[in-house]
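Peer 1: Sharing a structure with you now.
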C-alpha cells in the first residue's frame, strides 16, 4: 500500500462543524462496530501487500566509519597495550550497560574508547544485522539504543524460552479490549465488554497467595460503566476509562482508585490520550474533543475531523494525531489550533505508537506503517508485512522493542529494524486486543475473557 504524503499547509481553523448524533443502543452499536471494523478481509477480497518504499535507511556496510582509536599508548604490557580494535572485540562480549557505566570509569583511555558514538553504532548494527533505526535521526542516542536492543534480544532469546507466561482468567466474564500498565509495570488496568475496569497487582504473580486481582473500579452494586469499556489512558496516578456508554470516567490511583470526575461525551468513546494539560477523546460520531482535566474537566474544543468513527489517537505537546475508519490520518497543530495535515490512506489504522520522530501504526489489513515526523510534517516512509493475517489491534514501539497483537490470535515480538525482525510469536485460542509493555512486563487483552501476561527477565 502506497500512502500519499499529506500537505503541511492545511491551515483551517479547528472550529466545531459537528452534526448532532441520534440516540442509539450502545450494545447494538458496539456489536455492529466490532463486526464491521475488526473482522478479517472477506474471502476473494484479499488486499495486495505493498512493496517497501525506497526511502534509504542506515545499514551496516563496508563504508561504515571505523571507531576512532583513542587508547593512549602505554609502555608497560597489559590490557591497554592491545590495539583498540581488539579491545572493542573484547567489549562486544560484555553487557552493554557494564561497558558504558562501569568499564568507562576504569580509566581515561577506556572512557574515551567507549564514548565514541561510532563504537556503539557499529555494535548495534552487528547485533540486529539490518538497517536501524528505520527513521534517521541527527542526534540519535546510540549507547541507549544499543542497551535497549541487547536487553530485548536477551529477554526473548531462543523464542522466548526464559519468559514467564501467566493467564489471568478470573476477573472478567467477557472479552478484554483495553489494557494499561502503571507504576513501572507493578499494576495493571484492564477494560472489558463486561463493563468493568479491573485493577491487578502484577507483583503477586506466581506467589503463594496469588492475590493478583485487587478490585473492580466503581461501586460494588454497579459495574464500572454501563457499556463496553474500550479505552484506557493515564497521567501519573490519574487514570481515565472510555466506554460505549458515551462517558469518560476519571480515577485516582493514589486514592485507592476512587472516582474523581466524569465526562459525558457526545457518542461512544473509542480512544483516549491523557496529558497534564489536556484530555483528548476520539468518538464514534467522528469527533475529536479536547478537555482540560485540571478544571472540571472543562470542554475546550471539539470538531468533526473525520467522516467515519475515530478509531485511534495520540497527542503530545505539539500535535494531536487521529486515525479513522474513513481511511485518513489527521494531524492537528495544537499551537496554531489548525489542521496541519490530512493524509488519505488505502486502509484504516486501528492503533498507533509514537516516539518522536517515529510513528508506528497497525491497520485493518494486518500491515505495519512507519511515519516520520520531519520538521513538523508526517511522511510515510515504510510499510511492512510482519506476518499478521488479520487486523492489528495493538502496537507498542520503543527504541529497542516492538510488540504487535492481532485478531489472528497472535502476539508477535519484533526488533524495530527495517524491515522488523520477528523474534517470537505466541499463539492463543482467541483474538488478542491491545498490548502494553513497561518495565519487565508485557500484557495483552484477550477475547478469551482473560488478561495475558508475560514477565521478562529483569
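Every residue, even glycine, has its Cβ placed from backbone N, Cα and C.
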Peer 1: Say a student had to find the phosphoserine annotation in Swiss-Prot: which of 39, 59 would be the correct pick?
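Peer 2: My reading of Swiss-Prot gives 59.
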Peer 1: Of 18, 22, which one does Swiss-Prot label phosphoserine?
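Peer 2: Among 18, 22, the residue Swiss-Prot annotates as phosphoserine is 18.
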Peer 1: Pop the mean pLDDT for the repeat 'WD 7' (427-458) in here, whole number is fine.
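Peer 2: Taking every residue in the repeat 'WD 7' (427-458) and averaging pLDDT yields 96.
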